[in-house]
Amino acid sequence: MLHLISGLYSEWTRKIPFNVLILGPEGAGKSCLIEAIKTTHGNRPGLPADKVKPTIGQNIFELPLTGNLLRLWDLGGSEDMQKLWQKYYKESHALLWVVDARWWDDVEVSSEEPSDSMPNPNPVPAANALRAQAAMSWDLLAAIMQDRHMSTVPFLIVLNKTDQLTGVDGQTRSRYKTEQISELEDTARLWWGSRLASVISRSATKASKTETPAPSAFESAAVTPSSERPGSSSSDDPVDTIWDVLGTSAVDLTGVRDMVHFLELLAEQRKA
Ligand SMILES: Nc1nc2c(ncn2[C@@H]2O[C@H](COP(=O)(O)OP(=O)(O)O)[C@@H](O)[C@H]2O)c(=O)[nH]1
Ligand SMILES: [Mg+2]
């Protein structure tokens, strides 16, 4: 009897795993963001960004939240690893698509070399290189969205390294920084929205038609009726999901809590 009761109790209190794929081009900061989540939500701080080594294979972190277990899969972004991404698609419930925020930063881009002899892990690329990186990140995401399973998985485009945006000085200009990041999010939301409009339904189509940013998934996740929830398509659209854009920094932890909150809302929605 006791065994039965304890079995029922553990069933009631069981946290349902919510699998999150963290993908994106190599070096965008996927592994550093996992360390940042450890710092903001874990029992002990994660590694600082400058101590994180390039990922070989995969890196998994489980984050228990009230009633949910976020299982984060950080897969290497090298071309060899990209071939393996699809093995994870079927099991995933959400995608964090991590890119470098500077690829969408239209303010002045310096091409000067750093003056000291230490290698800079975040060299500032020239403007045309930024555009090429942005285009490449779209090609990669578009290829993922061709997958039958991934076309309905909600995703967040994470503009990481916002601490490196031109003119941002986190210590002294935090107000300016917040505004600059939010402008960048709007720019990127339109940039991605116009491309996603060809394959995605409601929110992105709305963004491209009205020339205003798509509604924040943080808001829409809370108000979307059950028939429109991710994975429960109510129309013939090939893709029907929630997506949004969020600026983060794995160094100063900007946006990291919002990123986890976004995933938590999706996990809650999936249970409902
Ligand atoms: N300034 C800054 N550097 C970052 C940030 N995130 C990652 N980096 C740097 O970018 C490099 C690549 O990060 P990593 O997490 O290994 O990229 P991944 O290949 O996407 O996993 C690291 O050595 C960090 O120094 C960030 O938010 N800000
Ligand atoms: Mg990595």
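Each Cβ is built from the backbone N, Cα and C atoms, and glycine gets one as well.
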TODO: Would you identify which residue of Gly76, Gly77, Gly193, Gly247 TrEMBL lists as part of the GTP site it also attributes to Gly24, Pro25, Glu26, Gly27, Ala28, Gly29, Lys30, Ser31?
DONE: Gly77
Task: Intrachain C-beta neighbours of Lys30 (GTP binding site), sequence separation six or more, cut-off 8 angstroms - done: Ile22, Leu23, Gly24, Thr55, Asp74, Leu75, Gly77, Leu96, Val98
Open item on the list: Under 8 Å between C-beta atoms and at least six apart in sequence, can you list the same-chain neighbours of Ala28 (GTP binding site), or say none if there are none?
Closed with: Gly77, Val98, Val99, Asp100, Asn160, Lys161
- [ ] Could you check the binding-site residues Ser31, Thr55 and say which one's CB has the fewest neighbouring CB atoms inside 10 Å?
- [x] Thr55
Open item on the list: Suppose the GTP site is Gly24, Pro25, Glu26, Gly27, Ala28, Gly29, Lys30, Ser31, Gly77. Which further residues of the same chain have a Cβ inside 8 angstroms of that site's Cβ centroid?
Closed with: Val98
TODO: Give the subset of the binding-site residues Gly24, Glu26, Lys30, Ser31, Thr55 lying near ligand 2, defined as CB under 6 A from any of its atoms.
DONE: Lys30, Ser31, Thr55
